[in-house]
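Positions annotated as domain 'NADP-dependent oxidoreductase' by TrEMBL: 24-297. According to TrEMBL, the active site, proton donor annotation covers 52. Annotation comment: TrEMBL describes 81 as site 'Lowers pKa of active site Tyr'. For 112, the entry in TrEMBL reads substrate binding site.
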């Protein structure tokens, strides 16, 4: 894994832009405008998931962009993810996502979470809860079985790169042991309040690119859903360093992510933020200030699906 300009070379041999746009919680009616605006600004990397329930709207927006000549398919990097209830139906789930996205292939397909749950039908992504309100985990499907099905997608030409998401060091290590095609990416929550240096270093040591989801600490969105606090309001970021560099707290935090050699995929539903989040290539944070940011780590997860699953898989 090596950085090259504004892209990173993956172990699969393909390149991924270092800044992408996440579409989680993006209102379907707003997607067309946001994606077209992002393309005009320069975004070429879009992070989707079956669970976000807006792949079809993203697909329509992309199809229009191709048709009007706004961008070519080969210039884009499109990621989507296998949902928990489809671990036993990997090929069908991938084809369903491709159909909705109106694409012939994916640049990256990720195992969204390291857990298989009761199958509820391809394309359905509600949490599979038991009568007790706890996630109905399928103990007959191993992550190794899921991974080998992911590898089949590459040989079928449906996917160029495959990866994992929300895997810790132990699960990542196991994946490396049984993989014929090693994961190109591990997408995890990481930001100044949840730095996870050991996991980031482990992945990078073994040639796995780390993509930071929730790279701004969730901000308002995760405050609404999870009651979490955003690192954007931390005095070190908001007052001391953002003012020093003449940048917004969000720009500073995203730049910090790039300088850790991670890929960042901030999500926004505001067009003015699209430009702000992309304008992070014209400055560098000093080593001294990177150390200051390292000192504010709280080991604080802001995205906690236990709220929906009745069980904390990260416990």
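Heads up, the Cβ atoms here are built off N, Cα and C, so glycines get one too.
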- Message: Given a 10 Å Cβ-Cβ cut-off, pick out the one of the recorded positions 81, 112 that has the most other Cβ atoms nearby.
- Response: 81
- Note on the structure: Integer Å value for the Cα distance linking the residue listed as 'substrate binding site' with residue 52 (active site, proton donor) is 11
- Where residue 52 (active site, proton donor) and residue 81 (site 'Lowers pKa of active site Tyr') are concerned, what is their Cα separation in Å, rounded? 10
- Task: Measure from the Cβ of the residue listed as 'active site, proton donor' and count the other Cβ atoms within 10 Å, all protein chains considered.
- Result: 22
